[in-house]
Amino acid sequence: MSWQQRVDDALTARRATDTLRRRYVVSQGAGRWLVANGRQYLNFSSNDYLGLSQHPQIIRAWQQAATRFGVGSGGSGHISGYSVAHRALEEELAQWLGYPRALLFISGFAANQAVITALMKKNDRIVADRLSHASLLEAANLSPAQLRRFIHNDTQHLSRLLQSPCVGQQLVVTEGVYSMDGDSAPLAEIQHIARRHHAWLLVDDAHGIGVTGDEGRGTCWQRGVKPELLVVTFGKGFGVSGAAVLCSESVADYLLQFARHLVYSTSMPPAQAQALSASLAVIRSDEGRERREKLAALVQRFRAGVNASRFTLLNAHSAIQPLIVGDNSRALRLAEALRQQGCWATAIRPPTVPVGTARLRLTLTQAHEACDIDRLLEVLHGAGE
């Protein structure tokens, strides 16, 4: 088989099963409205849960820092790319979340890959929830450690897997809020089981940080859990981009030596770090609390209004509200029907989600109004099959 045939066959297979992904060019993709091809849509696909990507205080912080530092960091943090803005943000994050150290990464994907590849050795075992993010599972598959996956949120299965003999160390991997199902992990029980088996716990709280818990401290804080490794990302609740790993002093020092994604990547721009500090200040303020309360009310309004006889709504109380459709082509048709009625929603299909669970991944944000939720429900019930 030639290179070209390999490429063509893979694309043909995706087209045949209605799983071919595509990108859409938008003029505005975050916030209440999405603008594409000159048309405005109510936006139910954005991860900008608190509406902070458009916050004037955060935009101004980025602009002012860009004037001071320039638009790039100029290098890896190990060379010349670790500025006072980066250090200040790391210290603020560590203090906020109650950890000795925080390390910044350019993305959540990079942070997850870096931690797993740096820590895991040949005789180790990773025990991950089977619905963990692709960045976690890919890193686990590529690492020399053994990967075992437990049934989603099934702590008994997790316990059985941890009980089997392991010569090396064990790492339990889960998420705070799951990106495709919108539900939360039973973190307290997972941590208890991990500690009983002398395993470390890694929690990716990309979709919980900023949005849940006291001062937006996330799912772990809300559940009274402190994992050895906490990954938080800044492209959702923070409204910006990037990520951080919260950990102990010694683990931070270890990652600075052995996390290749950190050592060999250009640091995020200092202006971005400054904007993230401004975003954190909003999240921790009374305004941040009010934004979280508004979002929670919108989620409750949506869930109360969905016709359960026509749609399968998962047990999710986060900003992520998936409607399970099942069939790939039906999910695509439903997404298109919503767009025709002015609501932008995304059909999620395998391999992102398991076969037979194609869905509309609806995301609600603080930028929405109650009338937007009512319009979404009206369109959904009119388009349902």
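Quick reminder: no glycine exception, Cβ is built from N, Cα and C everywhere.
The shown structure was predicted, so the numbers you read here are calculated from the model rather than taken from an experiment.
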R21, H133 show up in Swiss-Prot as binding substrate; which entry in T352, T357, T363, T365 does that record put in the same site?
T352
Site-mate of G108, F109, S179, T233 for pyridoxal 5'-phosphate in Swiss-Prot, selected among H86, H157, H198, H207
H207
Please report the distance from the Cα of F109 (pyridoxal 5'-phosphate binding site) to the Cα of K236 (N6-(pyridoxal phosphate)lysine), rounded to the nearest angstrom.
13
Which whole number of Å gives the largest C-alpha distance between any two of G108, F109, S179, H207, T233, the residues noted as binding pyridoxal 5'-phosphate?
13
For the recorded pyridoxal 5'-phosphate site, enumerate neighbouring residues of the same chain (Cβ within 8 Å of the Cβ centroid of G108, F109, S179, H207, T233, site residues themselves excluded), in sequence order.
H133, S135, D204, A206, V231, G235, K236, A243
Pairwise Cα distance for H207 (pyridoxal 5'-phosphate binding site)/K236 (N6-(pyridoxal phosphate)lysine) [Å, integer]
6
